[in-house]
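Marked as active site by Swiss-Prot on the basis of sequence analysis: 209, 238. The active site, proton donor annotation in Swiss-Prot covers 255. Here Swiss-Prot flags 45, 67, 259 as substrate binding site, drawing on sequence analysis. According to Swiss-Prot, the NAD(+) binding site annotation covers 147, 233, 258, on the basis of sequence analysis.
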């Protein structure tokens, strides 16, 4: 069995090596000719899976995407061909939620404006939006959720309108899929008019898709309003973001909010489980066996951490400033965006760091944030 796999997908060899011959390929430049003899195709969001790519293949048994979203996959075409498909919903939700939370802590420190006491509006209450809300609520932050689709589906959580978030939230974090048509389309959800209407001193965080915000309009509005603070992990026209926009963001990164080792492993592992199910064989590999030991054994806390100390704990796990600096230095280079994504192998989730502290009742929130070992 020939397994064609994006060369940047981690842990493929230990998971799929026993199932067939693994053929690594460049996902962004993948051609129909390369796919021709594949039995299994494993991709990431940089690969457009459609008739143009697959029409010359009559052997394909499974297509898997190690991503939350599926907007890069023609699901109708796969269904017409009776080709089984699976993605990895929620695989990197924890990573995205922690990224957004860490970014907010970093902004709070940079501008001496504590996160505690602010109101955060989350637009899109799916896996990543929910994970962001979980972090914020663990820390005691008031969260407003906007998701008209989930509200209409009967989701029991309390939702508010986007207008309410615009009026009441100090921070707005975007977590919607990209949809270009329909009543709730999200392309340019934040157009020039909506960007201009942001209340003074709003922090805007985008970890979903670049064209949820009109990037040209964002440049124009930001140049007029220095009070707006931006955290941008996603960009229109990836992998070539508008060079005028990057310097206007407080933190800028190349679509890596979900790129924790745990999240990457989880995505590949979910596809492994699905393929085993399809082949009717036992999935006998373990997710935990894939992850390396964290380089800090444990951190002992003398007292419950304040916000500054919490940021330091977060930086032990992931220092956003490092990726921001690297991105600014490399994004204009040829392939700089993709090279940084490919080589992004260092980030862990809060669960990798064990905390030791006797005063359990005072730090339950640290456990709820995701840190391990608290009070043990």
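Quick reminder: no glycine exception, Cβ is built from N, Cα and C everywhere.
Annotation: 233 are the binding-site residues among 67, 147, 233, 258, 259 whose CA atoms are within 10 angstroms of the CA of residue 209 (active site). Taking only the Cα positions, the spacing between residue 255 (active site, proton donor) and residue 45 (substrate binding site) is 11 angstrom. Taking every pair among 45, 67, 259, the residues recorded as binding substrate, the greatest CA to CA distance is 13 Å. For the pair formed by residue 258 (NAD(+) binding site) and residue 67 (substrate binding site), distance between Cα atoms is given as 9 Å, rounded to the nearest Å. Of all the recorded positions given, namely 233, 238, the one with the smallest number of surrounding CB atoms inside 10 A is 238.
Taking the Cβ of residue 259 (substrate binding site) as centre and 10 Å as the limit, one finds 24 other Cβ atoms among all the protein chains shown.
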